[in-house]
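Per Swiss-Prot, the features are as follows:
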type	residues	note
COMPBIAS	19-29	compositional bias 'Basic and acidic residues'
MOD_RES	Met1	N-acetylmethionine
MOD_RES	Lys19	N6-acetyllysine
MOD_RES	Ser97	ADP-ribosylserine
MOD_RES	Lys186	N6-acetyllysine
MOD_RES	Lys233	N6-acetyllysine
MOD_RES	Asp235	polyADP-ribosyl aspartic acid
MOD_RES	Tyr238	ADP-ribosyltyrosine
MOD_RES	Glu240	polyADP-ribosyl glutamic acid
REGION	1-29	region 'Disordered'
REGION	242-346	region 'Interaction with PARP1'
Amino acid sequence: MVGGGAKRRLRGEGPQCEKPVDMKKSKSCEADVPGDLRKEVESHYRLPLPEDFYHFWRFCEGLDPEQPADSLSASLGLRLVGPYDILAGKHKIKKKSASLNFNLHWRFYYDPPEFQTIIIGDSKTQFHMGYFRDSPDELPVFVGTNEAKKNCIIVQSGDNVFAAVKLFLMKKLKEVTDKKKSSLLKTIDEKLTEAARELGFSLEQRTVRMKQRDKKVVTKTFHGAGLVVPVDKNDVGYRELPETDASLRRICGTIVEAPSDADRLQAFAPVQEMMTYVQFANDECDYGMGLELGLDLFCHGSHYFHKVAGQLLPLAYNLLKRNLFAEIIEAHLANRSQDDVDQLAA
């Protein structure tokens with residue numbers, strides 16, 4: 001039978017602005033963005049957004065007051081999208097924006113419900129950055145990047161958007177040979193670094209808060225960003241899958257490459273067996289097991305796993321009281337596209 005889950009440390013949420021002062025509700029920490037605009041963004045997405053989201057918008061307004069969303073296009077090839085489209089008023093131009101599902105807006109093929117795109121880059125690789133939350137009622141735990149045309153891997157890039165863009169910029173700076181371009185990047189880097197320092201945002205790729213989260217990760221999952229679920233002192237909350245990641249990948253490969261439907265059905269047997277284990281796990285409140293299997297099958301990407309992922313994931317999210325994530329995965333699986341991700345496109 002399957003084993004118990006990994007131990008979990010106490011949950012610790014760090015302040016959003018890491019300044020050496022009491023940060024309970026420091027006004028200096030709050031970006032100058034109108035309250036009604038904040039409400040509009042958060043009501044469309046039904047997700048809380050961290051203060052760095054708004055501060056970065058103000059920073060981009062400083063670079064280009066007319067087109068803040070495109071202020072990094074010429075220099076870095078980056079564009080602010082997703083919830084930033086609401087700050088830019090783009091949703092007001094679209095006639096039927098009221099009926100749009102914003103949680104599918106810029107949701108790329110491999111983006112799990114935990115991931116919310118805020119910046120896009122090279123369209124050839126579908127590079128994008130997004131906030132990653134473990135639960136829809138919590139603030140993001142880090143900013144991740146993914147290249148959807150390549151794979152499902154989510155790379156952790158700091159715990160705020162300033163850090164993620166800084167890391168991207170530093171990489172770009174190493175690749176640039178043109179002096180003029182290099183000079184432009186250095187100027188932006190100076191402004192970005194100064195703004196982050198003034199606001200108290202860490203520019204580290206892996207902050208203390210992110211390392212604290214690592215201790216709570218029960219399993220890495222195929223996307224590599226890790227899975228965090230509540231596990232009590234008796235180890236209830238998660239149990240391991242009976243297959244390693246490598247063997248699960250092999251099983252998935254055998255299913256996808258099966259020469260006939262009969263062979264495919266046969267190759268599905270280990271997955272069916274794991275689904276039975278998940279039912280036992282759910283009965284005993286180890287909800288993390290079904291979530292892990294569902295996410296792994298979703299991240300594998302083949303349409304052959306959409307039905308199974310559609311059975312496992314909404315149930316797991318609802319059992320974990322992450323109901324919005326259940327809604328997102330159902331909508332995404334029903335409209336999973338490799339290209340049409342801009343919901344506001346005409």
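Keep in mind that glycine also has a Cβ here, set from the backbone N, Cα and C atoms.
Locations of recorded Swiss-Prot features on the structure.
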residue: Lys186; record: N6-acetyllysine; DSSP (3 states): helix
residue: Lys233; record: N6-acetyllysine; DSSP (3 states): coil
residue: Tyr238; record: ADP-ribosyltyrosine; DSSP (3 states): coil
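Neighbour count (other Cβ atoms within 10 Å of the Cβ, all protein chains): 24 for Tyr238 (ADP-ribosyltyrosine). Taking every protein chain shown into account, Asp235, Glu240 are the modified residues, and of these the Cβ with the most other Cβ atoms within 10 Å belongs to Glu240. The two recorded residues, the residue listed as 'polyADP-ribosyl glutamic acid' and Lys233 (N6-acetyllysine), have Cα atoms 17 Å apart. Shown are the modified residues Lys186, Lys233; of these, the residue with the fewest other Cβ atoms within 10 Å is Lys233. Within the set of modified residues Lys233, Asp235, Tyr238, the entry lying nearest in space to Lys186 (N6-acetyllysine) is Tyr238 (CA atoms). When averaged over the region 'Interaction with PARP1' (242-346), pLDDT in the model lands at 96.
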